[in-house]
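Following: one structure in structure tokens, then a few remarks.
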């Protein structure tokens, strides 16, 4: 008995996906709690129930709610079953000889074995496929099988879809579907006393291997449900439940592939941070986030789209002017400006004198990063013979700015444009900040103000709404990244987006800076601050469309025009929006 | 006897026209070739190769081939400053056109928004110039990094000029 327990424990001691500490060596006494501790691989102290209501997480993933404390009992029953099968007549004994214990963590090997050994039974099991383990060591089938026909083992499936928040303990599947086999009518006679018979798949007499099937599509649905349930639990401050659910999400996410898996992982991390109160340190290494943004720039078209459309609007506004000044609220690496300088250099009539004021947050290592960017741009300007002047401003927040600091020259000599790419939403964290910035912009009296923002409402008062919105938004974003070629760039872009997810979900108050709002909301805000919209021309539309056609996932990207603003989206979902504004008192410039 | 044969040969030679002796005509012909053909022409002999690689005006014609209005004079100085027409063609115009399916029949497999005849070449040129400028900007500074400044988040030198990576086709090694 002990030997088999060790065997059981060593089988079940799997390296779970998240890095858990190695379990203690198999203890001799098969006490329920210590067996549970050794089994699950976490160091659960004896005598305490784990936070998930005592349910074993690994089994929960595949559809069974079994208390960790009962695992030893289940193991015993399994051994009894094996014994019984060995002793029974009618050829069931072959089952006990042929069954193989699979390590549930070693899924790839197990799948290979399944596929290579599989003899399909004559009537193929109809879809949908159930979630079942048969004689795997983690199966919880605990009934004796009395004399059944050796050819088929039929099941009676009982199913109840349950949210894991119910603490109903019984060997019920969390979600499962029925499977019916053609043969025997002894299905109903199988139910033993207190426990329901766990379904085993149909076998023909020739097939010797039990079938083990995990339905990943259903796991995907369950993943989304679990995410929502966890968010709800967090919202209601039910932290133990939320903790359990977050762990489940981790397991479920592993069974997915592609974008869904990554999104789920990032959201799970953000929820975990919120639950445990581990808000990310806030100033993030500026150089690191710069590098992430560079990779994001290269991988997907969002930033390029933003730059190209904004530049087009600025170019058209500067038609005929001899001295121009651009104030950039989102300086970063200055990748927007080479293209504008080139367009200015090539415009009929020759280039104007170009002055650039770059505003950015202070660099973590005190280097004068803004000046370096300015110097690089100056070199380029010299190459293409554009008169260039640069000034860099370091500011913690745009609200700290004042029009007088910017050394504006009289508007007869110099025309000004203000540009902001993904910066304005950060001001919404502090009340009054965005109004102050807009009034400063009014004081500047610009020819045009170009604004690019994410098209989503992540600033609602309710946590659940924010969570749902951001789940949809970032799922779409990650989907659009899937087509990109360079995997390192793709990874960096995902990390970049992951930080945003973390901020939206885990932070509150002043720390939560990713307060995205929709185009409609920005329109209202600009309208009430004394700005009138400027229509982006068809040239911008054509350039943007062509740019998108060049990207690898080009068929999925869409440019839409929305009352003069351009929106870039993935399939039907708009993701970012470019808009342009001028002071309401000015007359509309004819295009 | 020999002298008469030599004279006949010389006359024959003078009657056959050698293109390599008339470089201006050669240039005119090469100007009208498309990109791949120009590349093939560069493999013919040393003279043709030096023409194809060194004479940027050949590539200029290639870039602006289908644009209806001749480009402004300022374009040339800018493009030359940013790296030359040959580079503009290789790095921007050719990938853009092939992505849009405008260059060869073999690109039909991509679903395109424009049919081959309809590609708005003026927009292609505009876009290519912008992308080219961004590329030049990156190259200008990609090699100027020393380790001290690399940590401040500038473009690392091994990834320099990668903003046009999206235009490259993946290669299976």
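Placement of Cβ uses the backbone N, Cα and C atoms for every residue, glycine included.
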- Item | A:414-418, A:419-423, A:424-428 - the one TrEMBL records as motif 'LXXLL motif' | A:424-428
- Task: If TrEMBL is the reference, give me the range from A:314-318, A:319-323, A:324-328 marked as motif 'VHIID'.
- Result: A:324-328
- Among A:43-70, A:71-98, indicate the range for which TrEMBL gives the feature coiled coil. A:71-98
- Pick from A:240-272, A:372-404: which range has region 'Leucine repeat II (LRII)' per TrEMBL? A:372-404
- Message: Just to be sure I understand, if DSSP states are collapsed into helix, strand and coil, how many residues of the motif 'LXXLL motif' (A:424-428) fall in each?
- Response: 5 helix, 0 strand, 0 coil
- Message: Are there residues at least six beyond either end of the region 'Leucine repeat II (LRII)' (A:372-404) with Cβ under 8 Å to its Cβ atoms? List them, or say none.
- Response: 329, 331, 333-334, 337-338, 341-342, 344-345, 351-363, 423-424, 426-427, 430, 432-434, 436-437, 440, 443-444
- Task: Quick one: average pLDDT across the domain 'Transcriptional factor DELLA N-terminal' (A:56-121), no decimals.
- Result: 64
- Query: Residues of the same chain, at least six outside the motif 'VHIID' (A:324-328), with any C-beta under 8 angstroms of its C-beta?
  - Reply: 314, 318, 334, 336-337, 340, 344, 352-359, 406, 408-409, 414-420, 444, 446
- Message: Across the motif 'VHIID' (A:324-328), what are the DSSP residue counts per state (helix, strand, coil)?
- Response: 0 helix, 5 strand, 0 coil
- Query: Counting by DSSP, what is the helix, strand and coil composition of the region 'SAW' (A:506-582)?
  - Reply: 26 helix, 26 strand, 25 coil
